[in-house]
């Protein structure tokens, strides 16, 4: 099958993860999945929410938003509308859950890390790009906290890596990492979050048109795992590179 951008069914879009995009944030990344671009920052603060105080455990949370012209038509800022949309809440919670899956709260100590993921340009897969980029920003923020002795020596707050990718069935063919044009044509689409050792954190799947069977589900999950494996390699390479 020939895809819109010439990729094979099992091929990711070109992925880049550029660290050090903010001079202020303890961790920052511009992540690109093809034409989808998300700016992720990680901010470290000493202390935890009231309900966490005295536990000796840290906390990680996330917020997600889109710039007004991230899509082909301008959307009002949610701050202007005076209400955060349900989709925004859902994706923010998804990003937070995904990152907390690889955090050792005790090792983090009573510190809070907030990930802010802002979509600069959307062409499908914004939430999966946000998770993948936010992990790298989180890793840099953790390293910063360790360097400032906010995290006790010898402790490792990160227990592994986490990344995410979209998969879907378009024209009867399972595809990896859908762009927007593929996403709107998909009979089935799914977002899959995996740890670096191949375990699932979250699987969000919906039949948009035709219901899917177990064989198709397995094919999509296999595609997603292979995609997340590739993303984990890209994340590691980004973290090993020297920031500018």
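Positions of Cβ are set from backbone N, Cα and C atoms, glycine also.
Annotation comment: Swiss-Prot describes 87, 125, 126, 127 as phosphate binding site, evidence class sequence analysis. Residue 127 (phosphate binding site) falls within a helical segment according to DSSP. Counting only same-chain residues six or more apart in sequence, the Cβ atoms lying under 8 angstroms from the Cβ of residue 127 (phosphate binding site) belong to 64, 91, 94, 95, 164, 191.
Within 10 Å of the C-beta of residue 87 (phosphate binding site) we count 11 further C-beta atoms, all protein chains included.
Cβ crowding, taken as the number of other Cβ atoms within 10 Å, peaks at 125 among the binding-site residues 125, 126.
The record gives 87, 125, 126, 127 for phosphate. Within 8 Å of the mean position of their Cβ atoms, the other Cβ atoms in that chain belong to 64, 91, 119, 122, 128, 129, 130, 191.
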